Structure formats: C-alpha cells, structure tokens
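One structure is given below, encoded as structure tokens.
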Amino acid sequence: MLPEQAKLSGKLNSKHILTVIAFLMVIFARYLPRILPFSQGASQVIYQFVAVLSLWLFVAIDWPSLLLLFGFSLVPELKFTGVLQAAFGNQTFAFLLFTFSLTYVLTKVGLLRQVALAFITSKFARLGGWHFVLAYFASILVLGCFISPTVLFFIYLAILTEICTLVKLEKDSSAANLLMLGTVFFCGISSGMTTISHVFPLISLSLAKRMLNLTISHVTFSLVAIPIGLVSSLIALAIFYFVLRPDLTKLQASNLQQIKSYLVTESADPKSTYERLISLIVAALVLLAWLVPTVLLKLSLPNAITNFLKYWQTAGISLPPLLGFMCLCLVKTENKPLVTVQEALTKGVSWPSLIMCASTLALGAVLTNKELAFNTSLANLFKDNLPSLPHLLVVLIFCAWAGIQTNFSSNMVTATLVTSTLLSLAGNLVFVNIPLLVCLIGILASYAFAAPSAMPCVAIAAASGFSNSRDLLRYGLLLIFLVVCFISFIAYPLLLAVV
C-alpha cells in the first residue's frame, strides 16, 4: 500500500471509530454517569451534544445534525414534537430558506458581482493585500452596528463569493479562509457594539429591568460596547496577521486593478442591466423592510401606520425575504421567469447548512427547557461559592461563561441563562458592579463565531468551503479567550466610571 493510501485509510478508520463511539454515546447517554450539578436528563443532553460536536468537527455537518435531533427524542423530559417545532418551525429556519433563495437570484443576475467589483476597485482597497482586507472588515464592522448579524452575514457571504470568483481565489486557499473567518468574526463583534437590530444585548438589559428594576440605557451600553468592540477587532486582526498569516498574493494591487475593465464590460449588457435594476429595487425594499420599521416606530405617526408597523415587526425577519423572493419569481424576461422556486431551492439553498441550523435551534430550546432546569442547577452551584471569591475572579467567571457558552449554543440562551443567573445572585455579589457586568454579558453573548452550533452563520461558514469547522473553532476560541481576558482584567476596571 502506498504511503498516501495508508494515510487516507487511517483517516477513514479513525472517522469510522469516532462515528461508532458518537452513535453509542447519543443512544446510551441516559446510562452514563450524571454530571453534577445537573439532572440526569440535562446530563444526557450534554453527552449527546459533545458526541455530535465531535462529528461536526471531524466527520460531517449534515447527518450528525439529524443524529442530534434523534438523540433528543430519547430524552424522557422532552417532547419530540416540540423539538421538531423548535428546529423546523422556527422563524430563523424560514429566514435562512428565503434569504438563500433571494441571494441566489441576486447572484444569478450579477447584482452582487457588481457590488463586489465596486468594492474591490475602491481607491484604498486597490492598494492591495492588507489594505483590501482592512477595508472589507471595516465595512462589516460599521454596517454591523445597525444590521442583524445574520442578515449582514448573508449579504457579505454573497459578496465574498463574488470577490473570490473575480480574483480567482480557490475555496481552500488561506486568503479565502481569512475573508470567511473575518466575515464571521466581525459580524459577531459588530452585533455586540449597539442595541440597534441586535436582540442579544437587549435580552440582558431587559432582564435587568424585569428582575431588579435596574435601568441601563442604550447609550450607556454603547459607551461600554463600542470601545470593547474596537479592541476586539484589533485582537482579531492580530490573530489573522501573526497566527493565520495568509497568502494575499492574489489580493495585491495589480490583480485588483485588472478587475476594473470587467466592470465596464458587464455593465454594457442592457438585458442584464434591466434584471439588475429590478433585483436592486427588490433587494433595497427588503433591506428597508428590515430596518425602517424600528426607526419609524420611535416617531409620532398616525395610529393606522403605527399599527401596521407593529404588525410588520411581529411578523419577524423572514417576511421581507419571502415577499422579495416571491416578487422576483413574478418577474419575466423574454417571456421566461427570472427565477423559479424549484431552481432557487435546488441551486441556491445549502440544505446541509439548513439542517445543521435546525438542530442548533432545537438545542437552544432544549437548554431552556424547564424540566431539565439548566438555569436552576447553575444558580444553585454558584450561590454558595461566588461571594467568597475576589471580585475580578467573579467577573472573569461570568465573562468566561458567557463567552464560552455563546460559542457552543444559542446567543439568546446564553444571554438569558448567564444574565438571569447573575441577577438572581446579585444580593450576594454587592462588591461587583452589576449593571456593568450585565452589559459585558450582553456583549459577549453576541460574540459567537467558533463552533457551528453557535450561530446559523457559523454553520453556513463551516459548510461554505471557504473555511472549515476546525479553523473556525481554533481561531474563534483563541479570539474569545483573549477578548474575555481583556474584558475581565482591563476593560472592567477602566469602565467602572462609565456605568
């Protein structure tokens, strides 16, 4: 047997062994030792998640996601119909489905290609290499302060795909890996810098108001979050520059400047111009439908308009892309539809990524299940031990908890679980600045970019081919480790005067 064949055979054997162990662990998790202080059912869920996470990292992302859903059916405390509803009946699943379909059309007509061309031929970006990378990441950071991270990621995923196509970046190249890692990281960081369109910090702030009648203004939160976000961005860039060290040869100035002639050629086709114009109008309306209602509701408007805007908000983020995609299906060019539902669902939707996202949504629902009582178990664990610890160590514990959990489970679950536990112990933690720590938890709950189970965008990135689960986990955990240390030992003492 050749050395290459022997190496491949060894990898296959190790994957087979891991698969068998994971299957057995998921099926027989109920009979494994209980993990204190959790109940037997909660311990069963933890074992199942660890088993499936290992498969996500080293084997595949699609069928292990179904294995996790199957595992939840074996937990007596859970109703499997509820698990399925959380997985496939969740608004996020619908949002991803329609957003995939919508962005497929925008890519098909070349609109996103034009956006990518305009961006990578900007004066600063054409300086090449790290100038391009900085311009790209800075645009994500700025836009991310005002746009939902999931929405932002899908906008940039399509643009990133076009950029890589135009400069001929292979999917497995270090430069493409850098751009994808940065897209995920900066979407997460920016979502923790303001409360505009970002639900995770709002959960922490609203819990503080509800449980302790503690009012933390959005301005105060931003005064804390923006400096932390900027420093976190510098830490991410340092990791990319000193640790990842990508080859940016194809992003040098000469390569980027050659793209400019293509912009003129592509724009000359009147048919494609018409299709792009229609697609641009629809895409702009979808973006406005996401952003404008929140702003308009703060104004004094007639009751009819206010009621309509409230209805629109309660419909959620999946309705705008649904309507946008439907409108594009109605558009015809040369008596042919611009796109069909079958075409978009076949060519535009990443079904393995969607299945994985569904399983992580189910995981989030499981972690907040009252019968499993994750929250109660953790509160009881900390109640007797935390008051005797140094205050900076207490800050580190809560920041590390938020930073680690949000990178393996839902942001909403993290913000809810960690913040509510802190607030329930507030009477015993008089030496800690509770409002500031609530802000820090809200920030860190947004910093989800390591494991595929952290956020739908991480799962999509892992399955995109530009990056992979191992690199996302490796660099994501390194980033969150450095950020948690910075927040706990530097930012917290410095920000005591702000909150």
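First residue shown is number 1, and so on along the chain.
From the backbone N, Cα and C atoms, a Cβ is placed for every residue, glycine too.
Proximity of distant same-chain residues to the transmembrane segment (16-33), defined by a Cβ-Cβ separation under 8 Å and at least 6 residues beyond the stretch ends, is recorded for 40, 43-45, 47-48, 50-52, 54-55, 58-59, 64, 67-68, 70-71, 74-76. Here TrEMBL flags 16-33 (among others) as transmembrane segment.
Note on the transmembrane segment (45-72): residues 15, 18-19, 21-23, 25-27, 29, 32, 35, 38, 78, 80, 83-84, 87, 351-353, 355-356, 358-360, 362-363, 366-367, 372, 408, 451-453, 459, 462-463, 469-470, 473 of its chain, located 6 or more positions outside it, place their CB under 8 angstroms from a CB of the stretch. Annotated transmembrane segment per TrEMBL: 45-72 (among others), in sequence order.
Residues annotated as transmembrane segment in TrEMBL: 92-112 (among others).
Summarising the annotation, TrEMBL assigns transmembrane segment to 133-159 (among others).
The transmembrane segment annotation in TrEMBL covers 179-207 (among others).
Taken from TrEMBL, the feature transmembrane segment applies to 219-244 (among others).
What TrEMBL records for 277-299 (among others) is transmembrane segment.
Here the transmembrane segment (311-331) has long-range neighbours at 91-92, 94-95, 98-99, 101-102, 105, 148, 150-151, 275, 278-279, 282-283, 285-286, 289-290, 293-294, 297, 337-341, 344, meaning same-chain residues at least 6 beyond its ends whose C-beta is under 8 angstroms from one of its own. Per TrEMBL, the feature transmembrane segment maps to 311-331 (among others).
According to TrEMBL, the transmembrane segment annotation covers 351-368 (among others). Non-local neighbours of the transmembrane segment (351-368) in the same chain are 45, 49, 52, 56, 60-62, 65-66, 68-69, 72, 75, 78, 82-84, 86-88, 90, 92-93, 96-97, 100, 374-375, 409-410, 412-413, 416-417, 452-454, 456, 459-460, 462-464; each lies 6+ residues outside the stretch with a CB under 8 Å from one of its CB atoms.
Per TrEMBL, the feature transmembrane segment maps to 389-408 (among others).
The transmembrane segment feature in TrEMBL is assigned to 428-451 (among others). When Cβ-Cβ distances below 8 Å are used as the criterion, the transmembrane segment (428-451) is approached by residues 53, 56, 149, 184-185, 187-189, 191-193, 198, 200-205, 207-208, 212, 214, 216, 220-221, 224-225, 228-229, 232, 383, 386-387, 391, 394-395, 398-399, 402-403, 406-408, 411-412, 414-415, 418-419, 422, 458, 469, 472-473, 476-477, 479-480, 483-484, 487, 491-492, 495-496, 498-499 of the same chain, each at least six residues removed from its ends.
Here the transmembrane segment (472-495) has long-range neighbours at 57, 181, 184-185, 224, 227-228, 231-232, 235-236, 239, 243-244, 392, 395-396, 399-400, 403-404, 407, 433, 436-437, 440, 443-444, 447, 449-452, 454, 458, 461-462, meaning same-chain residues at least 6 beyond its ends whose C-beta is under 8 angstroms from one of its own. For 472-495 (among others), the entry in TrEMBL reads transmembrane segment.
Contact between the transmembrane segment (219-244) and the transmembrane segment (179-207) holds: at least three of their C-beta pairs are under 8 Å, each pair 6 or more apart in sequence. Comparing 92-112, 179-207, 277-299, 389-408 for CB pairs under 8 angstroms to the transmembrane segment (133-159), the maximum falls on 179-207.
Sequence-distant contacts of the transmembrane segment (277-299) (same chain, six or more residues past either end, CB-CB distance under 8 Å): 102, 105-106, 109, 111, 146-148, 151, 196-197, 305-306, 309-310, 312-313, 317, 319-321, 323-324, 327-328, 331, 338. With a cut-off of 8 Å between Cβ atoms, the residues of this chain six or more beyond the transmembrane segment (389-408) that come close are 49, 53, 382, 414-415, 417-418, 422, 429, 431-432, 437, 440-441, 444-451, 453-454, 476-477, 480-481, 483-484, 487-489, 492-493.
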